[in-house]
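Straight from TrEMBL, the features:
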- CYS316: active site, thioimidate intermediate (ACT_SITE)
- ARG412: active site, proton acceptor (ACT_SITE)
- ASP259, SER260, SER261, GLY309, MET310, GLY311: NAD(+) binding site (BINDING)
- GLY311, GLY313, CYS316: K(+) binding site (BINDING)
- SER314, ASP349, GLY350, GLY351, GLY372, SER373, TYR396, ARG397, GLY398, MET399, GLY400, GLN424: IMP binding site (BINDING)
- 20-487: domain 'IMP dehydrogenase/GMP reductase' (DOMAIN)
Amino acid sequence: MADLEDGFAAQRLFNQGYSYTYDDVIFLPHYIDFPTDSVQLGTRLSRNIRLTIPCVSSPMDTVTESHMAVAMAALGGIGIIHSNLNPTDQAALVKAAKARRVPILSNPVFRSPSDRISSEDDFDSNPYILVTESGSGRSKLLGYVSKSDWGKLPEKEVKIYDYMANSSESVSSDFDLDRLAAYLDEKRRGVVAIVNDDEVIDLATKEEVERIKGYPKLGAGTVGGDGKWVVGAAIGTREQDKERLEHLVKAGINVVVIDSSQGNSIYQIDLIKHIKLRYPELDVVGGNVVTISQAQNLIQAGADGLRVGMGSGSICTTQEVCAVGRGQATAVYKVASIASQSGVPVIADGGISNSGHIVKALTLGASTVMMGSFLAGSTEAPGTYEYQNGHRVKKYRGMGSLEAMTKGSDARYLGDKAKLKIAQGVVGKVADKGSVLKFVPYTMQAVKQGFQDLGASSLQSAHDLIRSNTLRLEVRTGAAQVEGGVHGLISYEKKSF
């Protein structure tokens, strides 16, 4: 009996020379002495950025732009706006995210009274067109045109001022969801413009407000000292990225993420030192790394956070093409173990496809999880929906795909525009997932249940249990992985919530 024991301690398991993914390992249950709702998921993205949920949207051009950044901040996480566009446009996305208070979906279209609307395409999928003096958001609001009213016009080529609805009423961008809903109810209006510093930035419809109110109730969200959403942005390691960073700092970013597939380079180390010297108050997340030595180099350079993962994303082919990388479970445990000694939080980037993977990443030492495919295809992700074989889908592509590289992401792979480009990612389609405002809260509830089974009432508690060898793990055989999923059925319907 004295020789009997359950599983392995993490240190022993991950020192055997195997590269484990999340599906390869399983935690053994521990002792429960608290209810699920008492589990606290508050954490840190970096040394100084606090979040109420451990969720980060990836800086990919099919995942994070302003709408996703606002939604993630409203949920208590954070969005990192991608850099696969020119610096001015990236800074504009940061400003757009920070100017909003309510995560409504709106890309307002502006016209002047003397313009004409020639086709439905002019509405650009919006139910309304806003009419201002000059036809831009930076001039006086005069009214709006609804798509339905325009469709009823017998003559479509008349000027807008002949049939527009006159209204100069607007609300401030600091209106929260409840105040916005109350305003629309009080005024008995179906639509109102939202203004920030005399610029029209959004158009809130009653339908959109009711959509958001139908999701799980939002908390305070991730708000900075200026009362605006906390927003991050990515940059590369080229010399011109220093200029890009200037634009982003002026736009108000709270954290910068250096976006590189292999972060242990002289280019990134020099850039981290430059940023900490030039902008000492700005947190810098370095990466990507998967080994202890990589992590140590970036920590010594001054990184405030580390992004862990190489080749584990669903659209990434780095391990296949370059024969370099590491299984994500092993990578997270190893890097988090060394980073914790310096108080540097770790972001588990890639390989997340369900709530169980999030539980494993966080328990193995990560402070947050960065998600790409998990959030792609959502309402808030960039791009338009299309139908493929009867399914509603959106495009999702790796930043190492040739398609993304033509937009500039080859810098992430230390590429040179004058040389041959080798793809380290693919382009694909993902199914419509609905709004992150709905499925992320349900996912976090599932994570809380996982933490309860582990006997961990918080992320820090989970980290303490794993490092004290109290939590035990085992490697799952192929048969055990099959048994741990749905099996033995001719057909089934799987709904997570």
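Cβ atoms here come from the backbone N, Cα and C positions, even for glycine.
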By a simple count, how many Cβ atoms lie within 10 Å of the Cβ of ASP259 (NAD(+) binding site), its own Cβ left out?
28
What binding-site residues in the list GLY350, GLY372, TYR396 lie within 10 angstroms of GLY309 (NAD(+) binding site), counting C-alpha atoms?
GLY350
Confidence summary (mean pLDDT) of the domain 'IMP dehydrogenase/GMP reductase' (20-487):
88
Among ASP259, SER260, SER261, GLY309, MET310, GLY311, recorded NAD(+) binders, what is the largest CA to CA distance in Å?
14
Those residues of the chain, 6+ apart, with a Cβ under 8 Å from that of MET310 (NAD(+) binding site):
SER261, GLN262, ASN288, VAL289, VAL290, THR318, GLN319, VAL324, GLY325, ARG326, ALA331
Can you tell which of SER260, SER261 has the most other C-beta atoms within 10 Å, given these are the binding-site residues?
SER260
When the Cα-Cα distance from GLY372 (IMP binding site) is computed for each of the recorded positions ASP259, SER260, GLY311, CYS316, which gives the smallest value?
CYS316
In whole Å, note down how far the CA of GLY311 (NAD(+) binding site) lies from the CA of TYR396 (IMP binding site).
16
